[in-house]
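The signal peptide annotation in Swiss-Prot covers 1-28. The feature topological domain 'Extracellular' is assigned by Swiss-Prot to 29-155, 206-222, 417-422, 481-490, with sequence analysis given as support. Residues or ranges marked as region 'Disordered' by Swiss-Prot: 127-146. Taken from Swiss-Prot, the feature transmembrane segment applies to 156-176, 185-205, 223-243, 396-416, 423-443, 460-480, supported by sequence analysis. The motif 'HHHGHXHX-motif' annotation in Swiss-Prot covers 249-256.
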Amino acid sequence: MELLRPALPSYFLLTLLSIWTAASEARAVSTGMPTISAASFLQNLMHRYGEGDSLTLQQLKALLNHLDVGVGRGNISQPVQGPRNLSTCFSSGELFAAHNLSHQSQIGEREFQEFCPTILQQLDSRACSSENQENEENEQTEEGRPSSVEVWGYGLLCVTVISLCSLLGASVVPFMKKTFYKRLLLYFIALAIGTLYSNALFQLIPEAFGFNPMEDYYVSKSAVVFGGFYLFFFTEKILKMLLKQKNEHHHGHSHYTSETLPSQKDQEEGVTEKLQNGDLDHMIPQHCSGELDGKTPVVDEKVIVGSLSVQDLQASQSACHWLKGVRYSDIGTLAWMITLSDGLHNFIDGLAIGASFTVSVFQGISTSVAILCEEFPHELGDFVILLNAGMSLQQALFFNFLSACCCYVGLGFGILAGSHFSANWIFALAGGMFLYISLADMFPEMNEVSQEDERKGSALIPFVIQNLGLLTGFGIMLVLTMYSGHIQIG
């Protein structure tokens, strides 16, 4: 009996506690206070984020965003090779794909209960915290970059192809007076404008800001930017053609006013444009064939380019002096200016190519395509200028190719800078350069070529060729950007 006495007070306390608990529950029922059940938590979430007893995929995504779950940068269009670590932060698309959910899916209570462990695991692993997100993005960037062999191999290949374009100038010299040459050159200039401008809008400038076309959805806005440029170009050309026809109808073709005649200053400033566009009618001596017939022509002409004056070299020996060797001291200053500026231009091109290949092989090839489309007409124009500045055919080929080889030096610097530093600054520099070259350099050149063709015939054909070139370049860059996540190279 003595052993049972200490237990009596404890038993008495438990009895009182049970009675108090039962009384509290009875009082709660009598006063109308709701009792908490497990289903009430689920119903509360369904009513807060959904409509009725179901959730759409967008509503479920809103819940995930509120919890900072599913904010990873994974891409379901590029499946990960091998098993994925569950401690990483998945994107909402990857989580939905794991549960076989599509945009048309309706998530009921049962489906939501099956999805809840996924949310709980991501919260427990803290994989989507800001610190882990930064580390994971850095690791994925390093893993996604091409190897050194791929960077140097593809880079050297693309630069070699681009540099070989400098040797194509000699092949078109016999056709420079043909009509189809002018129109072919017009198409390539328009193609270069379209590719350079679109490459800057779709890839280089967004890449400089760290945007991803598969995730940031900027492609449509960049396309609208090009659309604004093209709309004003198209409208201006149409208005000019209509006004030209109206003026011709009222004034005819037999009289010219003093306003329509170009001044001497305008003629001198336009010579450089004519050289770049392949207009050699006023530069190539018409008696060149006399040299080949054994005659010795006498030439006393000057080539005026801006403020520079270049004598026709070796006039007592040959009017077609580029077919023979010329002393370097007799070559005009313009030739060396063109060679040096072209070398600097090619160096920056190589810099952009090298930095692009350090990010991805696809990015590098895309940038190389834009530069290739620009280099072809550009090198042809430079080749013509070198010939008419006093160089022989062999010298023009050599120095044009030498300046093109500066692209290799730029490639090396671009690869080294992109591998050890952020390539975004190089992309920003290249994007600005591409915009300037396309709009301030090549666009007036395209207008000059088209005006020469318009004076000889209808303005409709040059206008159609310009549109084809611009839209082709735009289409190439648009397709490459939109399908960049589906194209695997290397």
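Each Cβ is built from the backbone N, Cα and C atoms, and glycine gets one as well.
Ranked by number of Cβ pairs under 8 Å to the transmembrane segment (423-443), the listed stretches 156-176, 185-205, 223-243, 396-416 are led by 185-205. Along the topological domain 'Extracellular' (417-422), the predicted structure has mean pLDDT 80. Residues of the same chain lying 6 or more positions beyond the ends of the topological domain 'Extracellular' (417-422) and with a Cβ under 8 Å from any Cβ of it are 148, 151, 351, 354-359. Under the criterion of 3 or more C-beta pairs below 8 Å, with sequence separation of 6 or more, the transmembrane segment (396-416) and the transmembrane segment (185-205) do not qualify as touching, having fewer than 3 such pairs. The stretches the transmembrane segment (460-480) and the transmembrane segment (156-176) do not meet in space: the count of Cβ pairs below 8 angstroms, excluding pairs fewer than 6 apart in sequence, stays at fewer than three. Secondary structure counts, DSSP: the topological domain 'Extracellular' (206-222) has 7 helix, 0 strand, 10 coil. Counting residue by residue with DSSP, the topological domain 'Extracellular' (417-422) contains 4 helix, 0 strand, 2 coil.
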